[in-house]
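Accompanying notes for the structure given below.
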Amino acid sequence: MAASFQLAVVSSCVMLWAVACQGALEFGYYDDTCPRAESIVRAEVRKAVRANAGVGAGLIRLLFHDCFVEGCDASVLIDPTEDNPQPEQLGIPNRGSLRGFQVIEAAKDAVEEACPGTVSCADIVAFAARDASYLLSDYKIDFEMPAGRHDGRQSSANDTLGFLPSPFASHGELVAKFAAKGLDMDDMVVLSGAHSIGRAHCTSVQDRLGIGSDMDPRFQRWLRRRCSNDTSSDTGSPTVRQDTVTAAALDSQYYTNVLRHRVLFTSDAALLTSPKTARMVRGYAKGDGKWERKFEAAMVKMAGIDVKDGADGEIRKNCRSVNQRAR
């Protein structure tokens, strides 16, 4: 990434809300302690995305779902245990729909071999989302990700509904959810562009398939056919592509789809219900590269939500479980 973009991000950080800015994070954080950390993560992400682009979409979503609950601390990776049978993974917005765990685990194993006990799972999640964005955008989204996050020790399914924006959310609900995390309306519209990649379960679009929907009729008929065998179960619900035009690319096509009423979620369509966000959608639909630059900055900002340091976090040995404390 160009040095000018780094300086822009750092300079704007001074003016942003403290929680989203987190001065503790640094570019090149592992340069001295684990200089190969980022290249190791990128190699694992590249391997996974080459095999299945959908995993890359999952890695971007994994960062979003991690940061909005408990902050960017890898709490979304924690597996159920006897002591904590309901971690974030099993929350309604996450259950049966998160992807990329194996990539994070493989990257963690490789990094641990190179630099034991040094690189947090939270930083690996952030690096992986950055690298997936780079690869899925055909290298157009290219930025540095500051690091220095510690891993959290708490994870609760009950927190997911309260913090994660719903696919059924109205414009006002979306604005409130993002504002609670120090993200503004522009961040909300820009980050929604990640819906240009990946798939969604039909259970998340059923409310858009009835009479009265603003959805393009031809697109709605296609969705009805695709979702006609929906069993409404976590594992049996059919899935549909979020973008039927450039399905394997992270690009600004999403905004054209919004304008054409060919998007899946109520929360996508809601971007046209406010003059301000509708204006943003029209601007990003031009495909002039502006969205990609804004997405880079928004990802860095989101990846700084409520980060933990050594006082309230740890460097996990295994991303799927907290470290055992000495008694």
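Glycine is treated like the rest: Cβ placed from N, Cα and C.
Automatic prediction, not curation, is the source of TrEMBL annotations.
The Cβ of HIS65 (active site, proton acceptor) lies under 8 Å from the Cβ of VAL76, GLU88, PRO93, ASN94, LEU98, THR160, LEU164, each on the same chain and at least six residues away in sequence. Taken from TrEMBL, the feature active site, proton acceptor covers HIS65.
The Ca(2+) 1 binding site annotation in TrEMBL covers ASP66, VAL69, GLY71, ASP73, SER75, GLU88. All protein chains shown were included, and the count of other CB atoms within 10 Å of the CB of GLU88 (Ca(2+) 1 binding site) stands at 27.
The substrate binding site feature in TrEMBL is assigned to PRO165. Around the Cβ of PRO165 (substrate binding site), the number of neighbouring Cβ atoms within 10 Å comes to 21.
Cβ neighbour count for HIS195 (heme b binding site) (all protein chains, 10 Å cutoff from its Cβ): 22. Sequence annotations record features per position, and here TrEMBL assigns heme b binding site to HIS195.
Taken from TrEMBL, the feature Ca(2+) 2 binding site applies to ASP243, THR246, ASP251.
Residues within less than 8 Å, Cβ to Cβ, of CYS115 (disulfide bond) and separated from it by at least 6 positions along the same chain comprise TYR30, THR33, CYS34, ARG36, ALA37. Here TrEMBL flags CYS34-CYS115 (among others) as disulfide bond.
In this view, CYS72 (disulfide bond) is surrounded by 31 other Cβ atoms within 10 Å of its Cβ, with every protein chain counted. Among the features that TrEMBL reports, disulfide bond is placed at CYS67-CYS72 (among others).
Positions annotated as disulfide bond by TrEMBL: CYS121-CYS319 (among others). Less than 8 angstroms from the CB of CYS121 (disulfide bond) sit ALA74, LEU77, ILE104, LYS108, ASP151, ARG316, CYS319, each of them six or more residues away in the same chain.
For CYS202-CYS227 (among others), the entry in TrEMBL reads disulfide bond. With a 10 A radius on its CB, CYS227 (disulfide bond) counts 18 other CB atoms from all the protein chains.
The domain 'Plant heme peroxidase family profile' annotation in TrEMBL covers 24-323.
Feature annotation from TrEMBL assigns signal peptide to 1-23.
Per TrEMBL, the feature site 'Transition state stabilizer' maps to ARG61. Cβ neighbour count for ARG61 (site 'Transition state stabilizer') (all protein chains, 10 Å cutoff from its Cβ): 21.
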From ARG61, HIS195, CYS227, the recorded positions whose CA lies within 10 Å of that of SER75 (Ca(2+) 1 binding site): none
Cβ packing number for CYS67 (disulfide bond), 10 Å threshold: 29
Neighbour tally for CYS34 (disulfide bond), based on other Cβ positions within 10 Å of its Cβ: 20
Spatial neighbours of ASP73 (Ca(2+) 1 binding site), counting only the recorded positions CYS67, HIS195, CYS202, CYS227 and Cα distances within 10 Å: CYS67
